[in-house]
Amino acid sequence: MDLFEYQARDLFAKHGVPVLAGEVIDTPEAAREATEKLGGKSVVKAQVKVGGRGKAGGVKLAADPDEAVARATDILGMDIKGHTVHKVMIAELSPEIEAEYYVSYLLDRTNRTFLAMASVQGGMDIEEVAEKTPEALAKVPVNAVDGVDIAKAREIVAQAKFPADVAEGVAEALVTLWDTFVAEDALLVEVNPLVKTKDGRILALDGKVSLDENADFRQPDHEALEDKDAANPLEAAAKAKNLNYVKLDGEVGIIGNGAGLVMSTLDVVAYAGENHGNVKPANFLDIGGGASAEVMANGLEIILGDPDVRSVFVNVFGGITACDEVANGIVQALALLESKGEKVEKPLVVRLDGNNAELGRKILSDANHPLVQRVDTMDGAADKAAELAAAAK
């Protein structure tokens with residue numbers, strides 16, 4: 001989960017990373033009070049999860065509270081690279097800046113370790129630095145057991161060739177940034193720029209944080225950080241039911257068990273769709289191994305609630321997941337939706353194979369629901385689902 005700048009700033013402050021004061025607001029008039037709290041001057045910064053805010057006009061200085069209101073009025077509702085600005089941060093003006101640096105920690109999947117990155121060339125796109133002057137970007141592996149103490153931080157600073165007059169201050173910031181990375185179960189923490197001010201302070205002026213959602217079970221506070229405005233309502237509903245769901249731009253709803261099978265199903269449906277009006281998969285939904293009838297019912301309810309879906313393909317190979325449980329889930333979901341007065345009109349194509357497949361097929365046959373069609377091969381079922389979706393367009 002990627003955070004907004006103001007959320008990253010709050011986490012930095014929580015763990016001792018030096019930051020400037022700031023407040024997030026969502027109405028122009030609130031900018032007045034927030035600026036007054038900061039002494040009458042501020043920086044108004046659009047809160048979007050994309051770079052290039054400054055060039056897009058999403059970062060403006062305000063010399064007084066009235067100007068802060070005007071700037072907030074201009075920025076709220078702005079579109080920046082497809083992201084609508086719903087909030088702005090009213091931030092304290094930085095003291096005069098003498099130098100800008102870059103520091104970060106991230107998960108290095110290739111080498112199966114953590115990586116510290118640091119550069120004396122901050123305030124710009126770090127990918128550009130890595131491409132044009134790779135020698136200016138130090139990359140230092142970090143052992144997960146040892147972590148980053150002040151000695152390790154000094155090693156990072158030395159490899160990045162920070163000037164002697166800021167070396168200790170940057171090292172101390174690196175220690176607190178590592179504390180943030182570990183304590184918050186982050187995949188990335190980045191400060192760009194980390195600045196040295198004329199009065200000698202080291203400050204984190206802007207930052208990025210990406211959190212590992214797999215650690216949500218031990219990070220209850222992270223739920224409050226979710227972006228409710230940007231969340232797809234179907235994805236939000238699926239997450240609330242602990243379903244692995246991703247909305248796609250298509251017409252055939254997909255339900256399967258196991259990520260590999262679901263990915264294969266997407267491919268097969270996309271291929272079949274070429275012969276049926278170029279219909280495509282509408283989603284990724286993995287109900288997982290050992291899914292119960294309740295999980296199946298929850299998944300089907302999400303899929304049928306998608307207005308883009310014209311047909312549904314349920315593709316299950318029973319291993320830990322028993323096909324009779326899947327069949328019961330389908331029957332229960334349809335009955336539940338109809339009991340709520342919801343008109344279910346989207347046809348379902350079901351392919352069951354493996355554990356208790358015959359029993360699952362019998363359950364569907366006995367239910368004899370007019371919208372459910374059984375097809376016993378994956379290719380045949382994909383073709384039928386694509387055909388039905390095309391006919392309903």
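Glycine too: its Cβ is placed from the backbone N, Cα and C atoms.
These come from Swiss-Prot:
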type	residues	note
BINDING	LYS45, GLY52, ARG53, GLY54, GLU92, PRO95, GLU100	ATP binding site
BINDING	ASN192, ASP206	Mg(2+) binding site
BINDING	ASN257, GLY319, ILE320, THR321	substrate binding site
DOMAIN	9-237	domain 'ATP-grasp'
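Recorded features from Swiss-Prot, shown on the structure.
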{"residue": "LYS45", "record": "ATP binding site", "Cβ neighbours (10 Å)": "25"}
{"residue": "GLY52", "record": "ATP binding site", "Cβ neighbours (10 Å)": "11"}
{"residue": "ARG53", "record": "ATP binding site", "Cβ neighbours (10 Å)": "21"}
{"residue": "GLU92", "record": "ATP binding site", "Cβ neighbours (10 Å)": "18"}
{"residue": "GLU100", "record": "ATP binding site", "Cβ neighbours (10 Å)": "17"}
{"residue": "ASN192", "record": "Mg(2+) binding site", "Cβ neighbours (10 Å)": "22"}
{"residue": "ASP206", "record": "Mg(2+) binding site", "Cβ neighbours (10 Å)": "21"}
{"residue": "ASN257", "record": "substrate binding site", "Cβ neighbours (10 Å)": "28"}
{"residue": "GLY319", "record": "substrate binding site", "Cβ neighbours (10 Å)": "14"}
{"residue": "THR321", "record": "substrate binding site", "Cβ neighbours (10 Å)": "23"}
Integer Cα-Cα distance in angstrom, GLY52 (ATP binding site) to ASP206 (Mg(2+) binding site): 13
Alpha-carbon distance [ASN257 (substrate binding site); ASN192 (Mg(2+) binding site)] in Å: 41
GLU100 (ATP binding site) to THR321 (substrate binding site) - Cα separation in whole Å: 54
Spatial neighbour of PRO95 (ATP binding site) that is closest, considering only the binding-site residues ASP206, ASN257, GLY319, ILE320, THR321 and their CA atoms: ASP206
Secondary structure at ASP206 (Mg(2+) binding site), reduced by DSSP to three states: coil
Minimum Cα separation from LYS45 (ATP binding site), reported as the residue among binding-site residues ASP206, ASN257, GLY319, ILE320 that achieves it: ASP206
Number of Cβ atoms other than its own within 10 Å, given for ILE320 (substrate binding site): 12
Among ASP206, GLY319, ILE320, which are recorded as binding-site residues, the nearest neighbour of ARG53 (ATP binding site) by Cα: ASP206
Among ASN257, GLY319, ILE320, THR321, the record's substrate binders - longest CA distance, Å: 10
GLU92 (ATP binding site) and GLY319 (substrate binding site), Cα-Cα, nearest whole angstrom: 58
Between GLU92 (ATP binding site) and ASN257 (substrate binding site): CA-CA distance (Å): 50
Shortest C-alpha distance to THR321 (substrate binding site) - which of the binding-site residues GLY54, GLU92, ASP206: ASP206
Taken over the domain 'ATP-grasp' (9-237), the model's mean pLDDT: 93
Most distant Cα pair in Å, residues LYS45, GLY52, ARG53, GLY54, GLU92, PRO95, GLU100 binding ATP: 23
